Amino acid sequence: MVQYNFKKITVVPNGKDFIDIILSRTQRQTPTVVHKGYAISRLRQFYMRKVKYTQQNFHEKLSTIIDEFPRLDDIHPFYGDLLHVLYNKDHYKLALGQINTARNLIGKIAKDYVKLLKYGDSLYRCKSLKVAALGRMCTVIKRISPSLAYLEQIRQHMARLPSIDPNTRTILICGYPNVGKSSFMNKITRADVDVQPYAFTTKSLFVGHTDYKYLRYQVIDTPGILDRPFEDRNIIEMCSITALAHLRAAVLFFLDISGSCGYSIAQQAALFHSIKSLFMNKPLIIVCNKTDLQPLDGLSEEDTKLVTEMKAEALKTVMGQGGEPTNEEGVLLTMSTLTEDGVIAVKNAACERLLDQRVELKMKSKKINDCLNRFHVAIPKPRDQKERPPCIPQAVLEAKAKQAAEKEKKKTEKDLENENGGAGVYSASLRKNYILANDEWKEDIMPEILDGHNVYDFVDPDILLRLEELEQEEGLRQAEEGDEDFEMDGIDLTPEEQKALAEIRKKKSLLIQQHRIKKSTAESRPIIPRKFDKDREFTTERMGRQLSQLGLDPSLAVDRARSKSRGRKRERSLDRRDSDGEAMDMDIDQPSKKLRLRSRSQSRSKSRPPSEVVPGEGFKDSKQKVKAIKLGKKSVRKRNKDARRGEADRVIPTLKPKHLFSGKRSIGKTQRR
C-alpha cells in the first residue's frame, strides 16, 4: 500500500492569480449595494464583513498549501532524503515558512482594520479602511509570489515521482551505467524503461512490479553510479545512493564482465567496495551480465580474482541468524538479457532470499510470540501397530474415472485444421453433425431443384464434346474471314493504297481513343473560354480549311461564327426590328438625337416583369400570377415576424434568458427584468 501520493497536492496559483481568485470570490459572495443613507452601524457591518471574508479566504488557501505539502521531518527517511536531493531541504522549508508568515500577517492586518472599522464615522471613511485592508493583504501576497512559483514547480515535479512504498517487498537494481539494469527490469516487469547504448539513459528512479509465489514485489531501477567521492556525485547518482541507504530491499549489483559498457571489471569492483557499507543487513546478489559476449569461465585470472573477492564481501554483508554468512548459493549468478538466459533464475533467487529475510526478521520480533500463543497443532497418537489404509468405495473410483474421461479435451475444428494442413488446405465439413437415419447418407450429393425439376435432368452428357466442335467450327470461320480480308487488302490494293489505308486506320483508332478519353472526363473537365485556348485548336480558319477539304463553301459558317463571338457595340444606328431597306434610305451621317437614344435603349436586354407569365409556370394569365405572389408573401409574413427558418421550424425560444433573470437584484422595481 502506497502511503505517499504526491499527485493529490492542489495546484499553487501564482501571486496575480491568487489575488484575482480571492477578490472575485469576495465580490461574488458578499453584498455589493450600500447607500450613505444607511445607519452607521449597518455601514460598519457591511465593510467589516468584506474584510473578514477576504481574510478567511486567504487563510484557507494558504493553510491548504501548507498542509498538503509533506513535512520532511514527518515522512519516511527515504522520501525526506530524496526531496532534499532533488529540491534542497533548506529552500523548501524557507518557501513554506514564508507562506506561513504571510498567513499570520494577513490575519493581523484583518484584525487591526476590523478594530478601526468599528469606529468609522462615515461611508467614505469605512470604504477607505476597507480598501486599505484589502490592499495590504494583496501586497503581502505579491511579496511571496516567488515562493508560490517555486512551490508550484516542486508540486509539478513531485507529481511525476514514482509511487514507491518503502515498507513493501522491494528489489533494488544498482551498478555502473550501461551494464543492463533497465533491460533486466523490462524483462521481469511490465515497465517500459528507455534502453539506449550510451551511459546515463536512466536519469531518475523507475518502478515496476513482478509476482513470485502469489506475492507482489516492486522492482526499482536506479541510475548508474560512478566510482568517485561522495561530494562529487551529482543529483542523478544521489537518487541511487538514497534508495540504497533507506530502502529495506534485496540488492542486485550488476557486473558487466564483457566490458562493453566502457568500464573494466576492476573499476566496477572498486565501486562495489566503495558502497558496500550500504549493503549491510540486506540480501545481496552479484549478477554477471552479458555472458553472451563473455562467459564467466573465460575471464582472466585477475578479473576472476576480483569477482571472487566481491563474492566473499557479499557473503560477509548478508548476515543470517546469529551473524553467520548465509549459504553461498545464489550470491553470484550469471545471465544475459539479450538471450534471456538466466533472467528468471536471478529474479527467483532475489525474491526467495528477500522473502526468507523478511520472515526471519518477523520471527525475531516480539509480535510473533502473541501470534504463536493462539496456535495449537494437535497430533494424534497411534493406539496400536495395525495399519489402516484409506478405504475408497468402488463406486467412487468409477465416478472419478468417468469424470477424468469427460475432462479429456475434445478436439475442436481448430485442432483438426492444424492436424490436416492448416488454413487454406483443410475445409471443415458442415454435414458431419447432420442427424440422419443412416450416417452413410451424410456425404451424399444433394440434388439441386429449379422450378420443381432436378437441375441434373437438364445436363447433357455430351456437352463438352459439342462445345469442342463449336469452337473448332468458329476457328475455321474466323480463319476464312481473315483470308478474305487479306486477299482484299493484299490483292485489290496497291502498296501506296495499303500504306494510306494503314494510316487511315491508325488515325481512326487515335480519334476513337481521344473521344473515349474526353467522354470519360467530360464531367470533371473544366470549360475554358475560347480566349484562354492557348493551343488555338478551335479557330475559324481551321473550320474553314476543313469545310473546304470537304468541298463545302465555308463563308456562311465563318461569318456566323464571327458574328456570334463579336461583342456588342456601344451604338447601333437602327433598331433590329427595322427593315434593311429603311436603314439604307436613312441619312446615317446625321441621325436625329431621339432616334439614336431610342435605338440605344432598345438594343439593350430588358428584365422580365414579375407579372409576366412564362410558359411552364402553370398560370393562366398575369393577373392570376400576381394574386399567387401576394398570397405567398402573406403566408410567410407571420413566420418571418417570429424569426422562423421555415415551415418546419418548431423551436421554442428560452422563455427566461439567464442574463435577465440571474444575479443580484438591485433596489427598485424588477418588472423590466
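Cβ coordinates are placed from backbone N, Cα and C, and glycine is handled just like the others.
On a predicted model such as this, the values are computed, not experimentally measured, just so you know.
Pulled from TrEMBL:
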type	residues	note
DOMAIN	169-355	domain 'OBG-type G'
REGION	403-422	region 'Disordered'
COMPBIAS	403-417	compositional bias 'Basic and acidic residues'
REGION	516-673	region 'Disordered'
COMPBIAS	530-544	compositional bias 'Basic and acidic residues'
COMPBIAS	593-607	compositional bias 'Basic residues'
COMPBIAS	625-642	compositional bias 'Basic residues'
COMPBIAS	656-673	compositional bias 'Basic residues'
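Mean pLDDT of the predicted structure over the domain 'OBG-type G' (169-355): 82.
The list of residues near the compositional bias 'Basic residues' (625-642) in space but at least 6 beyond its ends in sequence, with Cβ under 8 angstroms from a Cβ of it, reads 610-613, 617, 619, 649. Under DSSP, residues within the region 'Disordered' (403-422) fall into helix, strand and coil as 12 helix, 0 strand, 8 coil.
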